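One structure is given below, represented as structure tokens, and several questions about it will come after.
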Amino acid sequence: MASRTLLSRKTLGTMLLGGAAGLGFSRGVGLCHLRKVQTFSLPNLPYDYSALEPAISGEIMRIHHQKHHQAYVTNFNKALEQLEEAMAKGDSSTIVQLQSTSKFNGGGHINYSIFWKNLAPVKEGGGEPPKGALGWAIDDVYGSPEAVIRKMNAEGAALQGSGWVWLALDKEMKKVRIETTANQDPLVTKGLHLVPLLGIDVWEHAYYLQYKNVKADYLKNIWNVINWNYAGEVYDKACAGLEHP
């Protein structure tokens with residue numbers, strides 16, 4: 001994830017408790033120990049906008065990436081600069097006000113940066129079922145990948161308003177689990193022990209241009225371009241320090 005560094009005297013505050021980890025900061029770097037504020041840039045997609053058709057149209061991908069994700073990056077960087085200025089001035093009211101803005105836009109950047117990697121064209125492995133350790137972990141908890149798909153689709157369809165549905169590794173329980181988050185809350189807001197393996201955007205702008213109000217069709221078809229190989233790599237890396245993943 002490309003980034004530029006701005007010198008800073010203080011850290012961000014509580015904005016991204018675990019979001020710091022999601023943005024690439026190490027788990028051991030506490031918010032009180034950071035001495036640099038980073039600004040972030042829009043990551044390139046590893047495929048063309050039209051590469052996920054017919055599951056996701058090129059128009060949706062272009063708008064989703066160039067407009068929505070870019071807006072989160074722009075607003076996140078602006079919020080970080082404003083937050084740093086407020087900290088330098090000791091302006092506690094503004095600091096508190098900016099925390100929600102930072103969380104929302106920073107969370108959007110985190111979530112989208114994961115989402116793009118969770119997708120792949122069919123010719124590059126999109127839709128292929130999970131293999132290896134992740135496949136076994138899914139079978140152990142849910143019985144089969146198909147059961148995970150059904151449950152994630154049901155959770156995503158039932159989610160009120162905007163949000164995300166996730167397949168995660170619970171590092172404390174050493175098992176995979178399904179979670180949802182509202183709006184642009186990143187998964188780590190529900191616990192630093194949760195590692196996002198696979199996230200599906202269920203905001204209307206993720207599907208409306210193509211699927212109108214039929215979210216169920218979007219959730220059904222997106223699995224044709226889900227990059228289980230990437231999810232498996234994340235799972236293997238996260239399990240590396242666990243005795244019995």
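Heads up, the Cβ atoms here are built off N, Cα and C, so glycines get one too.
What TrEMBL says about a protein is an automatic prediction, not a curated fact.
According to TrEMBL, the record shows the following:
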| type | residues | note |
| --- | --- | --- |
| DOMAIN | 39-120 | domain 'Manganese/iron superoxide dismutase N-terminal' |
| BINDING | His64, Asp201, His205 | Mn(2+) binding site |
| DOMAIN | 130-231 | domain 'Manganese/iron superoxide dismutase C-terminal' |
Just jot down the residues in the same chain as His205 (Mn(2+) binding site), at least 6 apart in sequence, with C-beta under 8 A of its C-beta; none if empty.
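His205 (Mn(2+) binding site) has long-range Cβ partners Ile63, His64, His68.
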If one looks at the chain holding Asp201 (Mn(2+) binding site), which residues at least 6 apart in sequence have a CB under 8 angstroms from its CB?
Asn111, Tyr112, Phe115, Trp164
With the Mn(2+) site defined by His64, Asp201, His205, which remaining residues of that chain have Cβ atoms positioned within 8 Å of the Cβ centroid?
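My list of surrounding residues reads Ile60, Ile63, His68, Trp203, Ala206, Tyr207.
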Which residue counts does DSSP give the domain 'Manganese/iron superoxide dismutase C-terminal' (130-231) for helix, strand and coil?
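DSSP classes over the domain 'Manganese/iron superoxide dismutase C-terminal' (130-231) add up to 51 helix, 25 strand, 26 coil.
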Summarise the model confidence on the domain 'Manganese/iron superoxide dismutase C-terminal' (130-231) as a single mean pLDDT, whole number.
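Mean pLDDT across the domain 'Manganese/iron superoxide dismutase C-terminal' (130-231) comes out at 96.
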Mind tallying the domain 'Manganese/iron superoxide dismutase N-terminal' (39-120) by DSSP state, helix then strand then coil?
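Taking each residue of the domain 'Manganese/iron superoxide dismutase N-terminal' (39-120) in turn, the totals are 62 helix, 3 strand, 17 coil.
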